[in-house]
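The structure appears below as structure tokens.
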Amino acid sequence: MRLHLLLLILLLFSILLSPVRGGLGPAEGHCLNLSGVCRRDVCKVVEDQIGACRRRMKCCRAWWILMPIPTPLIMSDYQEPLKRKLK
């Protein structure tokens, strides 16, 4: 009986003290859903920046993907100002 108790306590401590890393952050998951890769600081030459993963990490996706995946755009009421015509 003591052996069972000892194993149970050992199992409990190993579960509580094990290093646990949480899942992906919401921005990282969104980047992966768009077939992107989180990169530090800059994207490669053949990639476009489609968002941000974390501080200093950018979501990059190759612009030449054979099966294009539309990147969701934020809808707003912003309109560009009218340009003046030169006389």
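Glycine is no exception: its Cβ is also placed from the backbone N, Cα and C atoms.
Fair warning: this is a prediction, and the values are worked out from it, not measured in the lab.
Checking the candidates Cys59, Cys60 against Swiss-Prot, the cysteine paired with Cys31 through a disulfide bond is Cys59. For the disulfide-bonded residues given as Cys43, Cys53, Cys59, Cys60, the lowest number of other CB atoms within 10 Å of the residue's CB is seen at Cys43.
Neighbour counts of Cβ atoms within 10 Å were taken for the disulfide-bonded residues Cys31, Cys38; the minimum is at Cys38.
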